[in-house]
Amino acid sequence: MDRLNNERKKNNLPPAKPCEVFDLLGGTSTGGLIAIMLGRLDMGVGECIAAYNDLAAAVFGEKLSYIPVSIKGLESAIKQVVTQSGASETDLLNDGTERGCRTFVCTVDRDTKDMVRLRSYSLPDEPNIYATICQAALATSAATTFFDAVSINNRTFADGGFGANNPVDEVGGESANIWCSEMGDLKPLVKCLISVGTGNPGKKAFEDGMVKFLSETMVQIATETEATEKKFIARWCKHFDEKRYFRFNVDQGLQNIGLDEYKKKGTIQAASEGYLTHVAQKFRQSVYIEDFS
């Protein structure tokens, strides 16, 4: 967004937030929480990063010794993020307001094991689950490896990561439901589709106990995530070749950094910046910027 806004400035245009650039933001788990911050709460990227850092410190400030952890700490941190953005903790994710940027998050129904999309908008043929912003954020981000499940209107949800670690297919399916439900051919309508990963966690063996359990889980998630990506690229190869589909996923430097290691944000930032300054990524970014300038 910094590079995009630099280009906008050259053209005498005001800076834009992600919600003013994208038509749809979707995510699962941490990505779902970020989608809500950027899309439903209208945050800028800088605001979102600061809010997420505060949330991570509040939730993971004390070393975890057992699982699952009480949901109350995460719930309190999310409510603070929501209220500090200017919204109320009782505001609905879908409050009936028509917005330029639609937002949805993935979660899993604990009883049926079905993937569920919680939306900030309504679709004619889809059920509307009346979740608050806080409930939706909890439902998508309360990873079952850490937290208890979440209840919304007598239904119980677990984080979407166990059904869609990489939600790119969910974003594609949701886009088709919104803009081409009758013809079903989304590809001609897509100007730019961006998929952002959480980085390669590596495959190094850890000690016994919880750390080992979490590390094995992260490797399994990473494997499934990249497999999903390869299948998606195969189906969208023309968009990939034409620089209309982008996948950003840090490949080095994030190995062995767990979900709860928020104090290593400097390492995460350095690895991400190193990845983005790679020559190939510079080229991809420059093409991407042209699409929005």
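Please read every residue number as a count from 1 along the shown chain.
Each residue, glycine too, has its Cβ placed from N, Cα and C.
Record features (TrEMBL):
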DOMAIN    1-172  domain 'PNPLA'
MOTIF     27-31  motif 'GXSXG'
ACT_SITE  SER29  active site, nucleophile
ACT_SITE  ASP159  active site, proton acceptor
DSSP-derived class (H/G/I helix, E/B strand, else coil) of the residue listed as 'active site, nucleophile':
coil
Per-residue pLDDT averaged over the domain 'PNPLA' (1-172), given as an integer:
88
How many other Cβ atoms are found within 10 Å of the Cβ atom of the residue listed as 'active site, nucleophile', counting all protein chains shown?
24
